[in-house]
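Below is one structure, written out as structure tokens; comments come after it.
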Amino acid sequence: MAQANFGVVGMAVMGKNLALNVESRGYTVAIYNRTTSKTEEVYKEHQDKNLVLTKTLEEFVGSLEKPRRIMLMVQAGAATDATIKSLLPLLDKGDILIDGGNTHFPDTMRRNAELADSGINFIGTGVSGGEKGALLGPSMMPGGQKEAYDLVAPIFEQIAAKAPQDGKPCVAYMGANGAGHYVKMVHNGIEYGDMQLIAESYDLLKRVLGLSNAEIQAIFEEWNEGELDSYLIEITKEVLKRKDDEGEGYIVDKILDKAGNKGTGKWTSESALDLGVPLPLITESVFARYISTYKDERVKASKVLSGPAVNFSGDKKEVIEKIRKALYFSKIMSYAQGFAQLRKASEEFDWDLPYGTIAQIWRAGCIIRAEFLQNITDAFDKDSELENLLLDDYFVDITKRYQEAVRDVVSLAVQAGIPIPTFTSAISYYDSYRSENLPANLIQAQRDYFGAHTYERTDKAGIFHYDWYTED
């Protein structure tokens, strides 16, 4: 049997496509699936490729050159643990296991520590781009032992997407243990925010301005030529022009307004809460999906709860431009929050995350790829210790020029009774972050009153408690 250079466990669409991607770069790839018929199906479909068909884990491991490089593309959670448990007795010290699933970062940290005791290297790798990206080039976020990553880097750099701006591969070492999967988690949280902001923009254009799908599609097409140039804007304009293949009209109008999720947005918000990082926009985008699932209750509520009538009579062209500015402004708030979370996590877990590089490897292959990511890289190149993107000169200038549009759009939506939780959250975050003084002094006084939680003073150092129960 030919010695394979790389192995992939899991022949669902992502695993199959990654295996084919690696093979297309000149490598021989061993493939294995728990259900042998699936492995045979993939092998038969691609007999002209340098794939090694294996029917048992023993055969799979035996087919690989040492140190073995094995990528797990199985369901996150218990299935990954079970696969590792089955593989472990067959591996030698120095072998490398790569988890390319949508894994929660604490699981990656645990597995990394457990496998290190056995001398097995473990690389948790976030993979973004979906099934097409897996085949043609994803964005990849690996974390684990640096020396182990160096052994897989040549393959990863070949299979990763290449940024159109400079041809650089969209993969880089993120840091120790769970760093890669953490970065992918935040990527997914930002993705939630981007999608909700676009949805709210669409809703305003449709329900407030009364525009047709064709008109909205043309607007998104124009927006994709400027600052908002991104994959999600690109696919939105494609979605809006597609007709229903089972009837009349547009397919988007026939899709039930209940948004699903796989939990990664929730993970991002949970981690932010654990770290004490404000992440309001991304968290609102998660809640927006949740409330969308309450369809039956919303239908009932729509019949009994009153709201204002939508009666717009202004300049539509002017409002469209304000919505564009509000969308870009709010997108900046989302990324500022996400990168602030990455900074706090990096400090907490001692990862030394490369913030500018993270923005670079998101420029192609992934769902949130966007032109403005270069502005983020530039910001961190100028100041690697930048506390928040909003403090960078470029973003200071944009927010100064665009904030009025956001305030107008939020006011318009509120007066029309149109929910825009992420737009509203964006301007509130901005105003909170730029406020030298917030009313938290009153909250701290209340906490001290009922729970003797103490407080600090503005005029002198120390921790204080006031005797609230003594008459003044």
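Cβ coordinates come from backbone N, Cα and C, glycine included.
Here Swiss-Prot has Gly10, Met11, Ala12, Val13, Met14, Gly15, Asn33, Arg34, Thr35, Val74, Gln75, Ala76 binding NADP(+), and the candidate from Asn50, Asn102, Asn112 in that same listed site is Asn102.
Nearest by CA distance to Thr35 (NADP(+) binding site), out of the recorded positions Lys184, His187, Tyr192, Arg289, His453, is Lys184. Compared over the binding-site residues Asn33, Thr35, Gln75, Asn102, the count of CB atoms lying within 10 A of a residue's CB peaks at Asn33. Non-local contacts of Gly129 (substrate binding site) by the CB criterion (under 8 A, 6+ apart in sequence, same chain) comprise Gly137, Pro138, Ser139, Ala161, Gly365, Cys366, Ile367. Fewest Cβ neighbours within 10 Å among the binding-site residues Ala12, Met14: that distinction goes to Ala12. Just so you know, the Cβ of Glu191 (active site, proton donor) picks up 23 other Cβ atoms within 10 Å once every protein chain is counted.
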